[in-house]
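**Q** Just lifted these from Swiss-Prot, have a look:
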SITE      ARG10  site 'Important for substrate specificity'
ACT_SITE  ASP71  active site, proton acceptor
SITE      THR72  site 'Important for substrate specificity'
SITE      GLN155  site 'Important for substrate specificity'
Amino acid sequence: MLYLASRSPRRQELLQRLDVPFQTVQLDVPELRAADESPDHYVQRVALDKAHAGLALVQAADPDAIVLGSDTEVVLGERVFGKPVDVDDAIAMLRALSGRTHQVLTAVVLVCAQRAPAQALVVSEVTFDRLDDAQIAAYAACGEPMGKAGAYAIQGRAERFIRHLSGSYSGVMGLPLYHTSQLLTAFGAH
């Protein structure tokens with residue numbers, strides 16, 4: 001059985017599009033970046049930590065379990081934008097992203113007890129239009145930025161702010177479907 005180690009409703013929705021039966025494992029994994037840790041290493045480590053934590057929860061009941069872990073972070077330069085802690089934090093993130101191109105890093109990892117992990121790192125580039133303070137305040141007030149890396153949901157109201165996207169739309173949402181499908185096939189789970 002395939003298990004998704006994520007609380008994200010977006011990842012659940014995206015994984016359903018691949019027509020693979022799965023169950024969701026609810027867990028909390030610390031997402032703390034070390035001072036000297038690169039953004040790409042960080043996002044891959046967190047995805048692997050989630051997958052291993054999920055496997056630890058289900059392996060006794062399902063020795064053949066395959067667990068998918070994923071993490072998405074928004075990166076501008078060397079600054080990693082996680083999920084905003086409050087509306088003011090969301091506003092600060094959106095101001096920083098306004099009129100600029102940033103990267104969205106999404107790591108996907110598959111683990112099981114019988115083989116080495118398989119993983120992919122998908123890097124997309126997103127360019128925001130210039131946003132004025134009124135646009136930023138209105139978007140932050142709608143609540144959508146909360147719980148989203150970089151304080152925006154590309155599939156929601158923020159889509160109108162995106163001038164250009166290069167890479168994986170589903171990866172920016174939280175689970176790059178092409179790469180996930182390829183990993184599942186290689187792992188024998190698709």
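Yeah, the Cβs are placed from backbone N, Cα and C, and that goes for glycine too.
Because the structure is a prediction, the values reported are computed rather than measured.
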**Q** By CA-CA distance, flag whichever of ASP71, THR72, GLN155 among the recorded positions is nearest to ARG10 (site 'Important for substrate specificity').
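**A** Among ASP71, THR72, GLN155, GLN155.
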**Q** As a test of the contact definition, list every same-chain residue at least 6 positions from GLN155 (site 'Important for substrate specificity') whose Cβ is closer than 8 Å to its Cβ.
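**A** Correct list: ARG10, MET173.
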**Q** Does anything in the same chain, at least 6 positions from ASP71 (active site, proton acceptor), have a Cβ under 8 Å from its Cβ, and if so what?
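**A** Long-range Cβ contacts: GLU31, VAL43, GLN44, VAL46, ALA47, LYS50, THR106, ALA107.
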**Q** Using a Cβ cut-off under 8 Å and a sequence separation of 6 or more, which residues in the same chain sit near THR72 (site 'Important for substrate specificity')?
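**A** When sequence neighbours closer than 6 are ignored, THR72 (site 'Important for substrate specificity') has VAL43, VAL104, LEU105, THR106, ALA107, ALA149, GLY171, VAL172, GLY174 within Cβ distance under 8 Å.
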